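So that you can see what the record holds, here are the features copied from TrEMBL:
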DOMAIN    504-627  domain 'STAS'
TRANSMEM  129-149  transmembrane segment
TRANSMEM  161-181  transmembrane segment
TRANSMEM  187-206  transmembrane segment
TRANSMEM  241-260  transmembrane segment
TRANSMEM  267-290  transmembrane segment
TRANSMEM  310-335  transmembrane segment
TRANSMEM  355-374  transmembrane segment
TRANSMEM  394-412  transmembrane segment
TRANSMEM  419-441  transmembrane segment
TRANSMEM  453-476  transmembrane segment
Amino acid sequence: MSSSRHHSEDLPYVHKVGVPPKQDLLKEFTDTVKETFFADDPLRPFKDQPRSRQFVLGLQSVFPILEWGRDYNLTKLRGDLIAGFTIASLCIPQDIGYAKLANLAPQYGLYSSFVPPLIYAFMGSSRDIAIGPVAVVSLLVGTMLQDVIDPTENEVEYRRLAFTATFFAGITQATLGFFRLGFLIDFLSHAAIVGFMAGAAITIALQQLKGLLGIKKFTRKTDIISVMHSVWSTVHHGWNWETIVIGLSFLAFLLLAKYIGKKNKKLFWVPAIAPLISVILSTFLCISLMLKNMVFKLKGVNPPSLHEIYFTGVYVIKGFKIGVVVGLIALTEAIAIGRTFAAMKGYQLDGNKEMVALGTMNIVGSMTSCYVATGSFSRSAVNNMAGCRTAVSNIVMSCIVLLTLEVITPLFKYTPNAILSSIIISAVLSLIDIQAIVLIWKIDKFDFVACMGALFGVVFASVEIGLLIAISISFIKILLQVTRPRTTILGKLPRTNIYRNIYQYPEAAKVPGILIVRVDSAIYFSNSNYVKERILRWLTDEEEQLKENQLPRIQSLIVEMSPVTEIDTSGIHALEELYKNLQKREVQLNLANPGQVVIDKLHASNFANLIGQDKIFLSVADAVLSYAPKMEDL
């Protein structure tokens, strides 16, 4: 046990720093593994339960519908029916448009809103998330696949590669969930995601100028310079006035509907139903005008596609690479949406179960002619406002999509591409979160750099480059925070025994002859040398200032270690070097309030005996009192 010593008998009692009892190595390892991968203790409900009950709990764990389904009633069904019909009216026209972004035939967008939502309804733990194709993932699929196979010249191979990428996206998602590695997706910071989404929204909107203006020959590149060059180079001979009038008219209608829904929350159904109304009206208008050159055709329900997935050959590796990237982005978006609504409604979302559910639905989807599906924020918001109570709203939506594929298909036979472009533009505008960008600027300038880097990378280069920039900047921030932790000088607040940052509290006074430094991070091999050098620099600066003012020099250095949650061998070595350097300067090293893990390692390395166990204190106040009891009344 390390302790501080009494300098005089009338001093108050100074409590000793506790040293934890030695732990069994195996127990310590298992506790660490449990805390890392099983922090939520998923096996707790299975304890002390008979095998029959454990079997039921296991089924409920895999299929949460078996748990909440027991309490399902007509009141919940009513809310789910209304929500399901509402999001179906929104998803049908959006799916057709998003399939275009992925360079796939329109029916594949609808296929992806039929099978995956059904799978998720049985396996997912979120009550509010609405499943289907989304704009950003569709754009990512389209841009990455077309770099490998031309979708116009090799339509069949392109489609097969899309199913292959979807299969591996599902494998990636399910694997992360099964092995409880969901924390890996947290490495993409919120700021980077905001910037990436905004950049993708701008890119998607620019891509829709082809359909909105009726341009037939359009660049395959996604950067803004290439797109604008393609647009303006065809201004005199490539634009179609009929298409422009129809597209802009319905775009204005859709934006007006969104404005109405935003102003009056009770009219949430107006922006939800507006895209479907646009499709129906424009279809009848085009039939009457016989604008057959602006149409596409839909057909049938999901055909099996397992035989189309590449399991051998040159495209397997390429499909795997694309699937991993797309799967992670889709996973990040879905988990973020699920957590948002779970926090809003006060229930717990199991991230690892979500990953398994999302992965399973994409694996099954790849075998039933679907491409990557995930949670849609716009549909989930509408789903929530429409009064959904459970995931049954996804089942209702799937049934309506099935009905559309089987029965109502002729309605969409002459739907103009301009309408789909206007629907996509109105949908992706909500991805540009100006308020979030402004808030990021106010809170953290480095986060703002990450946000803008991702945005400009997507807009001026490509989706892949923007994603790479977003990930790179996020990792750079982590490295900077780990390798360059904050250290600060502490002073005593007047009329208290509390020591705080002198820059945060200007009234805090330094203790004569003592320098108190707080390290605000764990001390690892990556930052140990920096921490040592920074403390010595604080000491040098302070001594120069004291010498200049002809004040007594520093005789004691106190390192406040409350924020130091961990220390490794490099950290111990850095403290030893610091101690030797201070000895040469005739400055005493003291440590204040090391935590359980830290004090255990200080004793294991014999560092506590090196500096003297009486130089390790429970608090900064104890250390100051032990060294300079006369300073207590400062």
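Here the Cβ of each residue, glycine as well, is placed from N, Cα and C on the backbone.
Note: the domain 'STAS' (504-627) comprises 62 helix, 21 strand, 41 coil (DSSP; helix = H, G, I, strand = E, B). For the transmembrane segment (267-290), the partner stretch with the highest count of Cβ pairs under 8 angstroms, out of 129-149, 161-181, 419-441, is 419-441. Taking every recorded stretch in 129-149, 355-374, 419-441 and counting its Cβ pairs under 8 Å to the transmembrane segment (310-335), the highest total belongs to 129-149. Residues 87, 91, 94-95, 98-99, 101-103, 109, 112-113, 116-117, 120, 157-158, 161-162, 165, 196-197, 200-201, 203-204, 207, 220, 222, 315, 318, 322, 325-326, 329-330, 333-334, 337-338, 341, 361, 371-377, 379-380, 382-383, 391, 393-394, 397, 424, 427-428, 431, 462-464, 467 of the same chain lie 6 or more positions beyond the ends of the transmembrane segment (129-149) yet place their CB under 8 Å from a CB of it. When Cβ distances are compared across the two stretches, the transmembrane segment (161-181) makes no contact with the transmembrane segment (419-441), since fewer than 3 pairs at least 6 residues apart fall below 8 angstroms.
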